[in-house]
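Student: So that we are looking at the same thing, I have put the structure below in structure tokens.
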């Protein structure tokens, strides 16, 4: 029987790297679309996207460097190739691949946690999720510490990764379902046209989260069930989803930000249709609705009376001055 150890140990990493580089190309188009479309976004939001651009390109450089050293520089030398991810001297850029991936995950999830805080006003829920994501980052840092110690510490590395996988999956699913839940909850208190836009946001929330959540679930299943036919075969099998996952998180963030123009067009059609029947060109009595979804902005009215100064207006998808709807009646 031929020795297929190299296939099991490095095949998943090669597959993951190819998919990762394709996703970076997709992300590049998303970045160009964002900066070319949303000129009036706040500087802090543009800076967040700019940092994400830097992080994702550095990540692609890192995974490509890893696979290059494994399959080209150390071609045919399994022990040397394995040493690249277990404390190879002088190649810290490769050894910290897990930390860098987790950094992107925490960075993107912080945006979605902020978005959840805006619509839920539940600080305890968001704080709990934030702690879980930060804990996941710490788990990866600890695992990386053992990676630097060498091959004899692979058991400890696997232990911390096995803690990380279920925690990040549970936190990710909870974040998505909680966001969808609060959108559904607010839908009960809005006008018909605003409810339609909330439906679109619920679909967007699920659609943007689905790829990363499914990848995290696949990663968890592989880590538990993949046949360990060679030493470290099971842990290395997780390389493919682990490499791809950070880019899926980044893609979900950019998909959400770039969806605002389409949502604005959808809202425009709805408002025009309603206005032709009611004689109004704006969202019907938006200030009296407990919840109103403006384009790129979720408005949660805390006071439905005549005092509109107490209304809480917060961003959901990201604020741009051109993304706001100004309620106005038709001239008499």
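The backbone N, Cα and C atoms fix where each Cβ goes, and this holds for glycine too.
Those TrEMBL annotations? Automatic predictions, nothing curated.
What TrEMBL records for 12-35, 47-71, 91-112, 124-147, 159-184, 204-226, 238-257 is transmembrane segment. The domain 'DUF6534' annotation in TrEMBL covers 169-261. If you look up TrEMBL, you'll see 310-332 marked as region 'Disordered'. Annotation comment: TrEMBL describes 316-326 as compositional bias 'Basic and acidic residues'.
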Student: Quick one: do the transmembrane segment (12-35) and the transmembrane segment (238-257) reach 3+ CB pairs under 8 Å, ignoring pairs fewer than 6 apart in sequence?
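Tutor: In this chain the transmembrane segment (12-35) contacts the transmembrane segment (238-257) - 3 or more Cβ pairs sit under 8 Å.
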Student: Please work out which recorded stretch in 47-71, 124-147, 159-184 has the most C-beta pairs separated by under 8 angstroms from the transmembrane segment (238-257)?
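Tutor: Per the Cβ count, the answer is 47-71.
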Student: Going by DSSP assignments with H, G and I as helix and E and B as strand, what are the residue counts for the domain 'DUF6534' (169-261)?
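Tutor: Summed over the domain 'DUF6534' (169-261), the classes give 80 helix, 0 strand, 13 coil.
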Student: Is the transmembrane segment (124-147) packed against any residues at least 6 beyond its ends, judged by a Cβ distance under 8 Å, and which are they?
Tutor: 85-87, 95-96, 98-99, 101-103, 105-106, 109-110, 113-114, 116-117, 153-154, 156-157, 160-161, 163-164, 167-168, 170-171, 174-175, 178
Student: Looking only at the domain 'DUF6534' (169-261), what is the mean pLDDT?
Tutor: 82
